[in-house]
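Below you'll find the structure, written out as structure tokens, and then a few comments.
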Amino acid sequence: MQHFWVVGTDTDVGKTFVTTLLMRNLQKQGVRVTPYKPVQTGEVYDGEQAYYFDTAMYEKYSLQLLDRENLNGYSFKEAASPHFAAQLEGQQIDTQQLLKQMQLLQQTWDVVICEGAGGLFVPLDACGETTLLDVIVESKLPVVVVTRTALGTINHTLLTLEALTTRKIEVLGLVFNGDMGSRMEQDNIQTILQYYTLPYMTIPKLEELSDINEYAITGTSLFERLIRRETSIN
């Protein structure tokens, strides 16, 4: 069984969308998949009820029944870095408990997709002793990196990949999320791939979130790699 992380070069690069998309497409292949968000921040109120966007996305678009109680470790109301959001509520994030929860999920599901919060160096405690990257290292799981296509993405993506590779974390591939119509955006993608020859897929900006129902990623080099790993491990 191959479990993995979905991490981003920054916040709001599309990690939740990609996590949900990978979940759905793997489920279509008959794989039992659950997403897991160790820490989520930013409670949303729609006038009737309060919810968290990330885990709500998982449940809404999953093709399989998910265990709501085990989709998330910590949820904090403030839309902020986990360490600060936790501090506002007088809490501390127990990373060992998160790792334990991940391990338990791995015993139940074929694939657990762990979605990161923000970028790799997001702090998880007020002292700055533990970052998301530290948890990824300790989990010993590979990663899929989500990045933008816009100006600035080359630097952000290469820094992220360097941080991962120097810590000997396996990178399964890249997801380029955003517009791809301009020569600059296309060149950004090709330039990054010149530095790191990795499986990848591109996702254009979809008009509606519900478009995820029909969007297929089968045939992309990244998805083919994930499927091959699933087949070889199972």
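Every residue, even glycine, has its Cβ placed from backbone N, Cα and C.
Among ASP54, ASP67, ASP179, the residue that Swiss-Prot places alongside ASP12, VAL13, GLY14, LYS15, THR16, PHE17, GLU115, GLY116, ALA117, GLY118 at the ATP binding site is ASP54. The DSSP secondary structure for THR16 (ATP binding site) is helix. In sequence order, VAL6, GLY8, THR11, VAL18, THR19, VAL146 are the residues of the same chain, not among ASP12, VAL13, GLY14, LYS15, THR16, PHE17, ASP54, GLU115, GLY116, ALA117, GLY118, whose CB sits within 8 A of the CB centroid for the ATP site.
Per-site Cβ counts within 10 Å over the binding-site residues ASP12, ASP54, GLU115 peak at GLU115. Sequence-ordered, the extra residues of this chain that approach the Mg(2+) site, with Cβ no more than 8 Å from the Cβ center of THR16, ASP54, GLU115, are VAL6, LYS15, THR19, THR20, PRO35, LYS37, GLN40, PHE53, THR55, MET57, TYR58.
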